[in-house]
């Protein structure tokens, strides 16, 4: 082995003294003892310092990802998601609460019905083995309706929101207290898995003037009130917060010692490639968009939170797709390459706690969404909306698996970052070194991070056997396009050491006390690694096109492989086993743990290659019992304890053989059956807008007289009465306004507000007089209507009906922006009265607590329950939405079909909608009572709508409803297709008893005609 003395090419290290054990450079003077070790004064179970979090005295690399239980309201599916997150090597997951989902009115909280019982997340987390980052709000943003505020809060009657206004604090107290109380039963301090608890969300309001550090006292009192409430309701774990960007610098005890409202650990949110597919939304925060341009966070954390871990409660996991965005989202610059480059870049900046937003996005079903986004909340996440995993998941997994076993990564100092570490100025490396063990991690990246060139280089490193330039003997390290690589040195594997490897470390396990380490590199790449303490090495198995060369040198064995394809196994006489895999092979490498410890102890891990997904492993005598998913029949190879003789897969024993190097092999078969899909032919139809006719009777329970002449809303209407729907207890989606006037009028002026992409139509005495078709950049639709082509009763009563499609309440300070009519005037007459209808029962009567307060709007079909099973459509006419109808109207179509999905299969299905007639239509798709699609082709491009199991009945009948609103007189035609997304043989069966999620129609609906 060649060594190089006097590393003149690392100027940052030139003045550092020699270290023990032959290391040529020293870490900076900082050591863990230099930095204060913090706890919150209530418990020392969770501690933290400059380097990382500690749990029960052990340092933890927090690799987490966000899911939203309220965007996937089926708790059986939560287990599928958390098993996938665990399988990806994560140590934690995060979730937001949603106050609106739990609170229909200011007297009601529901944490029990259906998926409202979020405590099941903690139970699954404990079983699977994940810590939990709990984020209750009360405001969460999340592109959710009103940012997660309950919609009854948006009227203005509760004062200034997100402030210390006593009306607001009193309103939030029941929710926040109960959420804290329920979480307190699952804290890591009492044997649960809740690790930290977030106060508010992206509330960077600590300063009136940050440069002068003039505090915003009201914001401080608000934060302190939330913190006091959390503590009073049993939250003993650390309190955290997430700054929205690097400018606000709020709530850190390091930055503002002693300030009111500070939290225990301050974090930062960042979306360097934009949180939206519309890049223009981010230029104000991020500046001009440059694909793959990384951001300097290192200096921010040094300034704002130097005695705390560098922590991202949110780091970009994808982007949401706004109205008008591309079908399927925008994965182009935020796919697998993004995950590779940006997440390793965080490592280079000493980040030891990160949660990806989102890991699984889910769906904006019902009225979940804010106006900024449509039905899909796929977010281009590692786990797709239909729960499928692919390259981005695998790329993220490969890094997370490494961080879970790289104990030395939790205590590092950054010694330098420059191109001087490499032999190619186009490549920069950052050196992180553990000041105790002297292990190091060199994170390599293009010097211009946005570069997509292929660059070969060698790397100057400092190790326990001297200063080296690697690879020493042949080949080079290569960055292929948008790529970063972490080169580890003096990597501890139990009591053995991998001195260095030019391939990345994927994971390792101690099998019968001996390390098996898995390395990964690009297909066709060359690799060099040095195993310390060995004197001989041998090739045990190889699918490679070139053989290995072994050299005994410098207290170990250096191994060179010229070209890597597939997987090879190398054995060394000190007990170390090295598995070398190319990237596609490494994508299908797994390390399930035999315990449910989130730390995943390496002596209880099993290493597995082959399947699409491995969800878990257990030892049952001499059987390694594996569970997971398989897409294609494949060979499975397992590195497990020598007492294991046989493999089983999803409960079935496999014909197993042992390789000469000790692993177990078997064949597993995939699901090769077919799932017959129903034809959607037998539709029935009914009139969906009887309210447009003047003879319609609006004296029933569905209607409220709109007679308010004042409003607490800060936005005052231009005309009276007040026609804001929230004033009258209606909040969701579809609303109706009936305005009466006597005698002649020639037209009307209307200003209607409903959020971005919303629409409205107006009928006079049953005749269409105008439609606002929607605009992706406007939340207000102003129109002058002419009555020239309508029937006006000059000597009688006239009725103007306005149907409004509300796309949700705005975010942040816009939550109180009203929904409804801002101005309504007539030419030649005056309105004499108004009535408003919305969801059946309004906010005060909950007809469907299981689906919850955001499930329905005010369509006739919704109020009367036509979308529910148990409703009889026997007297409806037969007609298909693909045939359609003429004229401006709303029709409701209904059909039923069965599904019979096999046991032990995870299958996913979606509906595809296509407007074959005019695009000026607004369509809602209902599946077993859940609105799971808003299809608005005039303003949006989304056409495919995945439906999760549980919402779909996989073992029986499914009721499908389709509301079709033609906004023009040329009518509408809509094709509906039901497709299979995938079907895999799985230990997690998508067929389960979900009847509890689908309460049926009841007669009380009849009152809301």
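Each Cβ is built from the backbone N, Cα and C atoms, and glycine gets one as well.
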Co-listed substrate-binding residue [Swiss-Prot; alongside 96, 141, 142, 143, 271, 379] among 40, 201, 467: 201
Annotated residue, N-linked glycosylation site, per Swiss-Prot; candidates 29, 795: 795
Position of peak Cβ density within 10 Å, selected from the recorded positions 142, 277, 330: 142
For residue 914 (N-linked glycosylation site), nearby residues of its own chain (Cβ under 8 Å, 6 or more apart in sequence): 943, 974, 975, 977
Shortest C-alpha distance to residue 277 (disulfide bond) - which of the binding-site residues 142, 201, 271, 379: 379
Cα distance (Å, whole number) from residue 379 (substrate binding site) to residue 330 (disulfide bond): 8
Proximal but sequence-remote residues of the same chain as residue 593 (N-linked glycosylation site) (Cβ under 8 Å, at least 6 apart): 129, 600, 601, 604, 605, 606, 617
Integer Å distance between the CA atoms belonging to residue 495 (N-linked glycosylation site) and residue 141 (substrate binding site): 47
Length of the line joining the Cα atoms of residue 707 (N-linked glycosylation site) and residue 143 (substrate binding site), in Å: 33
For residue 201 (substrate binding site), the one of 495, 632, 672, 775 that lies nearest, given that the glycosylation sites are compared by Cα: 775
Farthest-apart CA atoms of 96, 141, 142, 143, 201, 271, 379, residues recorded for substrate, distance in Å: 19
